[in-house]
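> Below, the features straight out of TrEMBL:
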DOMAIN    A:1-400  domain 'Aminoacyl-transfer RNA synthetases class-II family profile'
BINDING   A:102, A:103, A:104, A:132, A:146, A:150, A:296, A:300, A:301  L-histidine binding site
RNA sequence: GUGGUUGUAGCUCAGUUGGUUAGAGCGCUGGUUUGUGGUACCAGAAGUCGCGGGUUCGAAUCCCGUCUUCCACCCCA
C-alpha cells in the first residue's frame, strides 16, 4: 500500500458514531440556549488579521493561524525586512487574514459592525470551530468547537445568575452530575492588589495565584517573589491561602480582607448577590463554588469570572468558562457596552461523557429495516415497500447486491439495524413480509400494514 | 515556543546482545452451511517496520535529521 495519508497535527476525522455523539451534545446545548432566549449567529472562519491580532496578548498572537496572501505576495515585501529575516515584520506584510481564534472577539466585531441593527440587550449564541496553533495534548486540539452564549448591552447581575442556571441546565440534561461551577470576580483580584499595595503587579499576582491548587502554596509564593512582589505584600494576603469553609464563610472572610478597597468590596458584593439568588433558586445537579484563585488568561474580564470543572475524579481541564467584560466592544470603538458570556468546551465534554459512559445508547442507531436482496424481481418488490415505509417516516433500505444471506445479515448486524425483512418468491406470492428482529432473532410472516406498525413502534 | 515520549498488518501489540523468509490476537475474505446473522472449526489475503540519511558484511533493532502521537512547562476549551 502507498504511504498512508493523514490529517494535520491536532486535527481529527469524525466517524459516524462520533458525529452522532457530538450532535447529541450540540443539540442539548442548543436546546437550552434557545430556552434561555439566545439566538444563533455565525461569523466567517477567518477574519482580517487586524481584528484578531493584539486581542489575546502576546501568547495569543503566536497561536493565531495566519493565512498567506494570494498572488505573488513576496514581491511586495519590503526588501530590508526580507533581508533581516524578521518573521514578525514579514508576517504582517504577507498575511492579511487569520483563522478565528475564539468566538468572543469576532462577536464583539459583529456587535460593533451591526450596532444599528441590533436591539440591546442582545443575546446571541454561536457554535463554530476555532483554530489555535497550539501543541496538542489530551483534550487540546488545533481545531475545536466552542459553544458560546453571550449577552451584550446589560450590566445587570441577573445575567450572571442566568448563566449559572444555564450551565446547570445543560449539564443536567447531559446527565453529567456533580459539575463544579467556579466563580470569581476580577474586582476582587484587583482589590487584593490594591490592599497589598502592588496594583501594578495585578497580572503577575493573579497568574501565580491561579496555580495554587496545582503547584501549592510555597511555589506560588516563590513565583510571586520572583515577579517582584514583596514579602510584606504576600504576607498580607496570607488569609487567601487559608480560605476555606462554606461559600458564605468565604464571602465574609473576603469582605474583611478587602474592607480597605472600594473595588474589592464591590466585587464581594456582586458575588454575594449572585450566590444569594442561586441559593434561593436552587440548582439541579451542579455545585456553585467561590474560587478566588480563578484568574483565567483573558485580559478583558472586568467582573464575574466563570470556570466549570468536570465532576470529581475525572482528570480533565476546564470544560467551560466565561466572564463579564465591561468594554469588549471598546477595542472596536464602541464604548460603554457591557457584555457577559460563557462557553462550553464541546470536545472536552465529549471526552468526559465518554469516560463516564454517559452517552445514551440511542445516539448510534442504524436504520430501522434492511431488506435482504434475493435478486432483481425481489429487489424491485422490496423497493416498493421501502418507498412506502420511508414516506411514513421509517428509515429503510435495500441491501444493494444479491449476496449470500450470511453476508447480508452480517452487514445488518454490524450496522445495528433493528429489523431485516426477507421477501423471496414465497412472500411475494402471498403478499407477506418476513420480519426478523435482529436482537432476539425471532421472525414472523406479516402483511404490509402489520410490518409498518411493528417498525413504527 | 522549551523539555521529554511514541511510531511494526485495517486495529491492539510482540519481536532476544544487530543475524536467514518480521509474528500474535482481533478484524477482513473464502469455506464447513445454494433462504437465516451474532458462536464454533478450517483455509487465505494483507507490512516501504512513520519518512530521509548515516554506521555496518548485515539495521525493525545503533546514530542524526524530520514528521506524527502522548506528556510536562507556557498558555488554554
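From the backbone N, Cα and C atoms, a Cβ is placed for every residue, glycine too.
Whatever TrEMBL says is automated annotation, not expert-curated.
Help me picture where these features are in the structure shown.
Sequence-distant contacts (6 or more apart, same chain, Cβ under 8 Å) of residue A:102 (L-histidine binding site) comprise A:56, A:130, A:146.
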> If the L-histidine binders are A:102, A:103, A:104, A:132, A:146, A:150, A:296, A:300, A:301 per the record, what's the largest distance between their Cα atoms, in Å?
21
> Across the whole of the domain 'Aminoacyl-transfer RNA synthetases class-II family profile' (A:1-400), what does the mean pLDDT come to? Round it, please.
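Mean pLDDT, the domain 'Aminoacyl-transfer RNA synthetases class-II family profile' (A:1-400): 88.
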> Once the chains shown are all counted, how many other Cβ atoms turn up within 10 Å of the Cβ of residue A:296 (L-histidine binding site)?
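Its Cβ has 18 other Cβ atoms within 10 Å.
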> Rank the binding-site residues A:104, A:146 by the number of other Cβ atoms within 10 Å of each Cβ and report the first-ranked residue.
A:104
> DSSP on residue A:104 (L-histidine binding site), three-state: which is it?
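Helix, per DSSP.
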